Amino acid sequence: MPCARSLMAAGLPLRAGSRGLYMRGTRHGYSRRAARVASTPSEAKFLNRGIKEVVRSICCGNMGKMSSNPDEPKSRARTDFLLNNEAEVQMFWDENKVFEADPGNKPPSPGEKFFGNFPYPYMNGLLHLGHAFSLSKLEFGAAYHRLHGSNVLLPFAFHRTGMPIKASADKLAREIQQYGYPPVFPAAEDCSAAVDAIEADQADVVAPNKFKGKKSKATAKAGAYKYQWEIMKSFGLDDEEIARFQDPYHWLTYFPPLAKEVLKKFGLGCDRRRSFITTDMNPYYDAFVKWQMRKLKKLGKVVKDMRYTIYSPLDGQPCADHDRATGEGVQPQEYILIKMEVISPFPPKLKALEGRKVYLAAATLRPETMYGETNCWVLPDGMYGAFEINDTDVFILTARSALNLAYQHLSRVPEKPTCLCELSGNDLIGLPLKSPLAFNETIYALPMLTVLTDKDKSAEKVCHDLKIKSQNDKEKLAEAKRMTYLKGFTDGTMVVGEFSGKKVQEAKPLIKSKLLEEGTAVLYSEPEMKVMSRSGDECVVALTDQWYITYGEAEWRQKAVRCLDCMNTFSTETRNVAHLLQNGNMYGKEISSVRPEEMTDEVWDFVFCDGPALKSDLPAALLDKMKQEFEYWYPFDIRVSGKDLIQNHLTFCIYNHTALLPEHHWPLGFRCNGHLMLNSEKMSESTGNFLTLEDAIKKYSSDATRFALADAGDGMDDANFVTEIANSAVMKLTKEISWMEEVTAAESKLRAGPPTTFADRVFANEMNIAIKEAEKNYNAFMFKDALKFGFRVLQLARDEYRLSCGAAGMNRDLLWRFMDVQTRLITPICPHYAEHVWQKIMKKEGIVIKAGWPDADTPDPTLRIANKYLQDSIVSMRKLLQEQESGSKKPKKGAAPAPPSKEKKMSIGLIYVNEHYCGWEEQCLRVLQSKFDSQSRSFAPDQEIAEALKGCTIGQEMNLKQVQQLCMPFIKKKKDEAREVGPQALDLKLPFSEMDVLRENLEPIKRQLGLEQVEVLPASDEAARAKAGEHASLLEKKTTITR
């Protein structure tokens, strides 16, 4: 081999600067526990089956022989291994009843218990990833508190109340009646018009104070048109089974058990004894709801009143938000219907109406503008009708409006409009009219081709005409408001009529009352936008006499606001004695010591509301047990839900709690999340971009699914489940298991004794920081960052440690500490994997999900800065070495590249260190020192810092843009360091000795640079500089090594 060239005395001068990275620390000398004897048969089975035996049986070899491509479909060995492990772990948990939560004998101390709950999902189908995403927030949080030592209660139930199931059952029955059994449906294109109509009607619906993505939730629910039979087919049901779903009660018995089973596969840590379903099918739940309603009524919170409400004629009842296929959030819009009397003689088309009072009825939001009415516009091709309102009056209007009027007590036949004759707009042109407020005694119906008989399109037309694309088009939106005469209403003054001189806002209600009292107008309401019920009919607005809960009433609202002020956010529900009543059966059908009829209002008051002692047929011990159970767990600590429930379910929850329960039982917290996308696109069954929870588990395993859900995001914006992340999680988890097996098998080859090296200290420090950061993020329910610090950061730290140790080897105690810490930190997210590592590889005692949070020493930010400095220095040195060995230089622009010089292989390196900042860096630091508040660890605004730099030498030598390009990256870095470690980060000398760090790490530097000898020298020492010989000129170059 050719001999490597030596620099001899001159050596290789490499300049090191003074900036750094933060690493984190932990305790030294962590001892591994001895293996223990299995305490139960299931535990023995779980422990005895070695991981390598399982892996070999699945893979016909070890994990290292599996495909390394996370998207490789040919081998499911890794996924199958995880699935088999999950099944074993879940059996082990069940037999040890690890999720059953019982109260203590006295009130809990702070932090002793954690009670979280979740709005139970509606059971009209299979659970999907959207359900799992919201639920995972509660599951991860509860698992963290369980790991931390809290007594954790996570109950779970299944929602069956409301119209969706009944509507689906009726729809299925109609399809069978119309298309046969099994049904034969028309071609798909016949249904496209229905979808287009749905999307058009919902395109611009944005109710105030609502969250909105690219499409409304209603549109998302609509998707492409699907028959109910096809939806049931997508669940994998055969024809005979589907036919049974014509009975609404069959839904109640079919889907909840499936959901309960898939949640078990998911690893949900819930107390299944407490599961229940809603509706009167569960008599205990029915008694609980009746108690609530009776108590609210007794408190005056439930009243009967005539009100306008969205109504489904087909269902014969009001259509609430969750009973709608489209139009969620849409409310009734009130109008004044102006009666413009047709002046006789009537034209031929209206001759049959002679002797009746006939009116053209026009709806308006602005009755005060009728003074200046000059004519009435009609659409020539529009379809109208003459509808009987009562024995004398006939209104000419559209059939759609007549139907709404019929449900508002404005039809001779209630709820059934009577059309005396059909008319077109052409039939109405030229009709003389008498309008109640118009100064012109007679006005006429005139044609206008742009009249919209469907008022839903008017806002859309203005937006289209002005090319308004979003709420960001502020100027165009302002013009739209002006076009719809908003300014006249807000700023105008009446100049005519009996209310002349009054502000328009003051006159409007007075004019409205005048018209109604005189009988020249009527009140009229219709939906703000089209609403379709789940039964498939278009909803109207009906004036109904029904019961209402008086949410928003002033005194009640004050209590609700007081509750909200003390919460982290919203929350709901009062359900935690169900297992004592139902005897573990979610339908409440098992033989129990309590009969439903024995759960009287007095019993509920005693249990929930600190009610007085009562005489009851129930045993006193059982009553006390129920009360003690409730008193221990309540108030709940957090409720997790999607953001779409804020305006209804969650708001009502606060009201109900403040009305029904004493203040010390009011909710403590609530956390909302956005909806879930799949691979950056809306989840939709119609497009195929959809995953049920069970399919996700089969495809990726439970732990990999949970891993990707944690990674999906935590804010109120829509999150994103990435299948590539789930696939890579399978690889990461199984490879980590293989690595741990290799480490434990080679234990004798690891470096023994206490951790002593710089790399040891850095690795320990990194574990300390990971523990602290993961704890902070778990507490904040920020699971993406908890996963980052609890797994990814630790993986990087381990890999860097392995590289830094080289031939000396890694420290055995630190590796066992690493495996312990990483396993605990990822337990809330990947509990099956963690249980496997804990018991089978590490041979630990107990169950990992209750093992306790790992201890951590105080992190050392200075050590982390020092390690960042070291790693950045090595990278910069490697780059400089390559440049000196190759002798390559960039050619000037337009010049031919210089021929490559003969390679010079270096073997000796001289590293010169200047431990003080100087030049422009010193000037930046002095400015930052003057602009830093050490008490709050905050800086003056960037503009103020930039102004200060202008007064420095560098600011006078360069223009502002040059100064920003040179200085701002350095300033940002030093500001971040100062916020973390304090004012010492702004010193002109780093908070550690650069010389000591480099000298302590000569071996890894030599190994990573491929040098035989390395020496660290002070740049200020002339004798040391002389060693550079002919290469001394390199010391004057402004090399940049990040400090």
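Glycine residues also receive a Cβ, built from the backbone N, Cα and C atoms like all the rest.
TrEMBL annotations: computationally assigned, not manually curated.
What TrEMBL records for 90-172 is domain 'Aminoacyl-tRNA synthetase class Ia'. The feature domain 'tRNA synthetases class I catalytic' is assigned by TrEMBL to 634-711. Sequence annotations record features per position, and here TrEMBL assigns domain 'Methionyl/Valyl/Leucyl/Isoleucyl-tRNA synthetase anticodon-binding' to 760-893. The domain 'Leucine--tRNA ligase RagD-binding' feature in TrEMBL is assigned to 914-990. The region 'Disordered' annotation in TrEMBL covers 882-902.
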Tell me, please, if the domain 'tRNA synthetases class I catalytic' (634-711) and the domain 'Leucine--tRNA ligase RagD-binding' (914-990) are in contact, taking contact as 3+ Cβ pairs under 8 Å between residues separated by 6 or more positions?
no
Can you break down the domain 'Leucine--tRNA ligase RagD-binding' (914-990) into helix, strand and coil residue counts using DSSP?
52 helix, 6 strand, 19 coil
Integer average pLDDT (0 to 100) for the domain 'Methionyl/Valyl/Leucyl/Isoleucyl-tRNA synthetase anticodon-binding' (760-893):
92
Helix, strand and coil residues within the domain 'Aminoacyl-tRNA synthetase class Ia' (90-172) as assigned by DSSP:
36 helix, 12 strand, 35 coil
